[in-house]
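**Student:** This is the structure, below, for whatever I ask next.
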Amino acid sequence: MDTSSKENIQLFCKSSMQPVGRPSLTTEYSSSKEKQQCCGELKVFLGALSFVYFAKALAEGYLKSTITQIERRFDIPSSLVGVIDGSFEIGNLLVITFVSYFGAKLHRPKIIGTGCLIMGVGTLLIAMPQFFMQQYRYEKYSPFSNSTLSISPCLLESDNQLPISIIEKSQSKRSDDHITITPKDPQWVGAWWLGYLIAGIVSLLAAVPFWCLPKSLPRPRSREDSNSSSEKSKFIMDDRTDYQTPHGEKSKIMEMARDFLPSLKNIFGNPLYLLYLCASTVQFNSLFGMVTYKPKYIEQQYGQSASKANFVIGLINIPAVALGIFSGGIVMKKFRISLYGAAKLYLGSSVLGYLLFLSLFALGCENSDVAGLTISYQGTKPVSYHERALFSDCNSRCKCSETKWEPVCGDNGITYASACLAGCQTSTRNGQTMMFYNCTCVGIAASKSGNSSGVMGRCQKDNGCPKMFLYFLVISVITSYTLSLGGIPGYILLLRCIKPQLKSFALGIYTLAIRVLAGIPAPVYFGILIDTSCLKWGFKRCGSRGSCRLYDSNAFRHIYLGLTVMLGTVSIFLSIAVLFTLKKNCVSKHRSFRTKREGTMVSTTIRKENCTTGDHLLQPNYWPGKETQL
């Protein structure tokens with residue numbers, strides 16, 4: 001092998017093109033050796049890139065799963081949590097467009113490795129507030145750690161009880177080995193920060209292989225000329241462009257920047273690309289908002305714990321999405337679906353998915369019975385909510401705070417905002433179980449003479465709610481699979497409607513638009529609208545409003561599901577416009593081809609590169625059918 005060939009092996013996407021002709025035995029041996037080395041390095045690159053996607057999905061997915069934990073830990077509303085979730089995408093705004101344009105011409109592996117390092121450090125920083133802020137304090141009534149000392153939750157005006165300030169001090173001075181709540185409690189906050197440490201370390205490890213890869217892979221010598229190379233190799237390996245000098249010198253930044261605006265104009269001048277970009281942006285708004293608040297929806301709608309909500313999402317929904325994406329790719333490859341067929345499959349999966357999603361409106365649970373918020377203290381429904389509704393004749397003599405949320409479940413199945421508001425006179429504790437007795441308000445709602453008891457914590461939802469939750473999981477899995485089935489066809493549609501030399505730039509613009517117009521705003525306005533369904537707000541020690549303690553289940557369901565379906569419907573109409581535009585272009589190209597064939601004789605190569613397979617969008621020197629030949 002000559003010196004120039006050995007130097008070319010060190011390149012990732014660049015090699016000298018050999019003239020078409022019969023190669024010698026030495027050339028065939030060299031080509032075979034280069035091919036083996038190319039395939040080995042390519043496998044390493046693909047393996048490392050797959051691990052990067054795993055690290056990114058781990059960090060981003062874990063952020064979604066800790067939304068409710070962060071909300072409770074720092075006592076903030078859903079709207080602010082949405083800003084935090086959207087800020088995950090903000091870092092891409094400054095670099096993604098330029099990286100997608102210049103990165104295709106510079107050292108790609110090192111650029112990816114640098115991105116992994118930044119992502120890892122950023123993920124580790126998310127966990128830092130846990131170690132620099134004060135310890136989490138939850139609102140709980142608790143007598144002194146000595147269970148023999150019982151203080152009445154209801155401090156009667158005529159009673160000579162300890163003042164509230166003493167009780168608050170006793171609560172604030174409780175030792176850390178003494179926790180009075182369980183993971184099923186709505187105020188429980190687990191080790192939310194631990195996953196970020198793991199995800200950050202994984203991201204840092206994912207950067208290591210990219211610093212060991214060459215700038216480019218060699219392209220083995222072949223009997224075919226460059227025009228017959230597959231679309232896969234064209235997309236993975238760089239083409240010889242005007243930016244690269246003949247002797248392999250480095251591209252000049254000014255020369256690349258000179259064509260930035262013309263390339264941008266070329267991309268946005270493509271109506272098919274623009275319509276697909278709009279359809280995808282609207283659809284991802286619905287998906288990002290739905291996924292961000294899905295654990296919260298399961299908790300509030302079906303009364304499930306945060307751990308169980310995230311467990312079922314990870315165990316059921318995520319595999320369904322992965323299977324749907326994989327199935328979409330298999331269908332595209334097995335049946336060699338054309339570009340027009342890919343657009344129809346993308347539209348069909350969206351229509352069917354959102355139709356299935358509509359059925360979730362009927363699978364909700366009614367509001368929990370909370371005295372003064374969803375029902376009256378006498379047990380009648382409904383009740384118009386206002387702060388003073390928390391007070392009734394049964395607790396009028398108690399010195400109760402209307403801002404506290406320390407739920408107590410009475411024997412009558414009604415939840416009270418606190419033991420004081422339930423009118424409880426005495427209390428005892430056995431481990432983590434707190435019992436209250438002689439609760440006047442519980443006795444009234446139970447239509448009994450005398451008093452009743454209650455236990456710390458919210459009452460369970462009605463008996464039909466677990467069954468509804470099971471149906472919700474089944475429909476959710478089918479919907480997730482159906483929507484993700486159109487992922488690969490949509491991605492193929494995106495790749496084929498752009499010139500080969502602009503694909504990297506077009507993908508960067510697409511990713512930027514999805515993050516800026518969907519990833520950032522969707523969690524914010526979803527959170528703002530969800531907050532409007534709050535019935536009981538918590539308050540911080542400084543007096544400002546904290547996180548929501550209780551939501552109106554019906555309003556939450558209508559806002560969460562309604563907004564998702566509304567955005568999905570808009571994306572469907574835009575997808576229909578994509579289909580009509582594609583069909584119009586196909587007809588126009590087909591007519592132009594027939595006219596040209598009648599006037600001149602065309603070669604077999606030119607006929608393949610035109611719109612004979614149904615993919616009629618690209619220039620005559622490009623055959624889109626090669627996209628599916630992976």
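Including glycine, each Cβ sits where the backbone N, Cα and C put it.
Quick paste from TrEMBL:
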type     : residues : note
TRANSMEM : 79-104   : transmembrane segment
TRANSMEM : 111-132  : transmembrane segment
TRANSMEM : 193-213  : transmembrane segment
REGION   : 218-248  : region 'Disordered'
COMPBIAS : 221-248  : compositional bias 'Basic and acidic residues'
TRANSMEM : 272-291  : transmembrane segment
TRANSMEM : 311-331  : transmembrane segment
TRANSMEM : 343-363  : transmembrane segment
DOMAIN   : 388-443  : domain 'Kazal-like'
TRANSMEM : 468-495  : transmembrane segment
TRANSMEM : 507-530  : transmembrane segment
TRANSMEM : 559-582  : transmembrane segment
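For the listed features, I'd like the structural context: burial, neighbours, distances.
**Tutor:** Within the chain, the transmembrane segment (111-132) has long-range Cβ neighbours (under 8 A, six or more residues past its boundaries) at 49, 52, 55-56, 59, 63, 73-74, 91, 99, 103, 192-194, 196-197, 199-204, 206-211.
Within the chain, the transmembrane segment (193-213) has long-range Cβ neighbours (under 8 A, six or more residues past its boundaries) at 12, 41, 44-45, 47-48, 51-52, 54-56, 58-59, 62, 65-66, 109-110, 112-117, 119-124, 126-127, 130-131.
Beyond the transmembrane segment (272-291), the same-chain residues lying 6 or more positions past its ends with a Cβ under 8 Å from any Cβ of the stretch are 64, 350, 483, 490, 493-494, 497-498, 506, 509-510, 513-514, 517-519, 521-523, 525-526, 560, 563-568, 570-571, 574-575, 577-578, 581-582, 585, 617.
Counting same-chain residues at least six beyond the ends of the transmembrane segment (311-331), those with a Cβ under 8 angstroms from any Cβ of the stretch are 61, 65, 294-295, 298, 304, 337, 345, 349, 473, 476-478, 480-489.
A Cβ distance under 8 Å defines the sequence-distant neighbours of the transmembrane segment (468-495), meaning residues of its chain 6+ beyond its ends; these are 235, 273, 276, 280, 287, 298, 302, 304, 312, 316-317, 320-325, 327-329, 331-332, 337, 339, 341-343, 345-350, 352-354, 356-357, 359-360, 363-365, 503, 506-507, 510, 578, 627-628.
Within the chain, the transmembrane segment (559-582) has long-range Cβ neighbours (under 8 A, six or more residues past its boundaries) at 271-272, 275-276, 278-280, 282-283, 285-286, 289-290, 293, 297, 339-340, 343-344, 346-347, 350-351, 353-354, 357-358, 360-361, 493, 526, 529-530, 532-533, 617.
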**Student:** For the domain 'Kazal-like' (388-443), report the average pLDDT of the model, please.
**Tutor:** 82
**Student:** Mind checking which residues of the chain, 6+ beyond the ends of the transmembrane segment (343-363), have their Cβ under 8 Å from one of its Cβ atoms?
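**Tutor:** Contacts with the transmembrane segment (343-363): 283, 328, 331-332, 337, 468, 471-472, 475-476, 478-479, 482-486, 489-490, 493, 557-558, 561, 564-565, 568-569, 571-572, 575-576, 578-579, 582.
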**Student:** By DSSP, how many residues in the domain 'Kazal-like' (388-443) are helix, how many strand, and how many coil?
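**Tutor:** Within the domain 'Kazal-like' (388-443) the tally stands at 10 helix, 18 strand, 28 coil.
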